[in-house]
Amino acid sequence: MRSLGALLLLLSACLAVSAGPVPTPPDNIQVQENFNISRIYGKWYNLAIGSTCPWLKKIMDRMTVSTLVLGEGATEAEISMTSTRWRKGVCEETSGAYEKTDTDGKFLYHKSKWNITMESYVVHTNYDEYAIFLTKKFSRHHGPTITAKLYGRAPQLRETLLQDFRVVAQGVGIPEDSIFTMADRGECVPGEQEPEPILIPRVRRAVLPQEEEGSGGGQLVTEVTKKEDSCQLGYSAGPCMGMTSRYFYNGTSMACETFQYGGCMGNGNNFVTEKECLQTCRTVAACNLPIVRGPCRAFIQLWAFDAVKGKCVLFPYGGCQGNGNKFYSEKECREYCGVPGDGDEELLRFSN
């Protein structure tokens, strides 16, 4: 996990990038009251980060959950640090030491390569669940910058803690669009190579031209599109910390479900409307699903395929949940489920 140490390495990289002025960090940072250094020792997961360092935005798509282990140092004046994280497809381990100060909860780290000393503060922690660190540094290119990091004893934290972290970060001048959550790719062993992702082929029907308002709502499908490839992925909130309601295709339930999108990055399994999601990702297997109105109380007339009757029928959709057996016109239902005897041409099947 990107540790205090990895954080400091990240901050030092700001020296190599030129950008505009950044907000000035506060002069006086308050540490956790009655800080107990022995209780901060042990393993932590770095789950979120925010920074005024301009370079940070350039690598946000590559930042993943990392681990940090803190412990007693080689001398009474130090604490030891070991961080483990994925970097460029390889599991990397970094070790170092932090210097204690006269203020409990404040530590110094010297980066000899850049000849700078960084100040790190433990500003909030309950020791058993979470910890928030702030780190200040000064570079000749950007002047003073500040970085906030959220750590957890487990790979997941309560949503309220993520919200509290965002408030703390913004309170020291970090812009909202510079606060990110980390993608969790799991823990790794130093030297381990990250496996290549495996895409599972799926089968769906070709669609009618746009003017026919077919299942795809677009041109005749003759090749696999990047968006359709993404239908096999799980949803991704992305590293930013916004809360925008979006839809993703759940291949297990064969339905489009809602999730909270952070506002940046993520992946292609991300749709503004349920209709767009279904018309992009639904497969012919949806025609065999039961007709489900859903628990909400709206009254929306949609079409579904009745497998018993062998035809498309109207049904009142409640407005939420349901499943993929849900079409926005009779023509869409018929062309998708291949209703015989309608004079329609047989629809082609293909796999990606």
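Cβ coordinates are placed from backbone N, Cα and C, and glycine is handled just like the others.
Keep in mind that this is a model prediction, so the values were computed, not measured.
Within the set C240, C256, C296, C312, Swiss-Prot assigns C256 as the partner of C277, by disulphide bond.
For C337, the cysteine that Swiss-Prot lists as its disulphide partner among C264, C281, C287 is C287. Looking up the ranges 17-37, 185-205, 206-226 in Swiss-Prot, the one annotated as region 'Glycopeptide (secretory piece)' turns out to be 206-226. In Swiss-Prot, C281 is paired through a disulphide bond with C231, chosen from C91, C231, C333. In the three-state DSSP reading, C231 (disulfide bond) counts as helix. In this entry, 3-hydroxy-L-kynurenine is bound by C53, K111, K137, K149, whose most widely separated C-alpha atoms sit 19 angstrom apart. C53 (3-hydroxy-L-kynurenine binding site) sits 52 Å from C333 (disulfide bond), taking the Cα positions as reference. Within 10 Å of C231 (disulfide bond), as judged by C-alpha distances, no recorded positions are found among K111, M241, C264, C287, C296. Cβ-based crowding with a 10 Å cutoff singles out C53 as the top-ranked of the recorded positions C53, C91, C277, C320.
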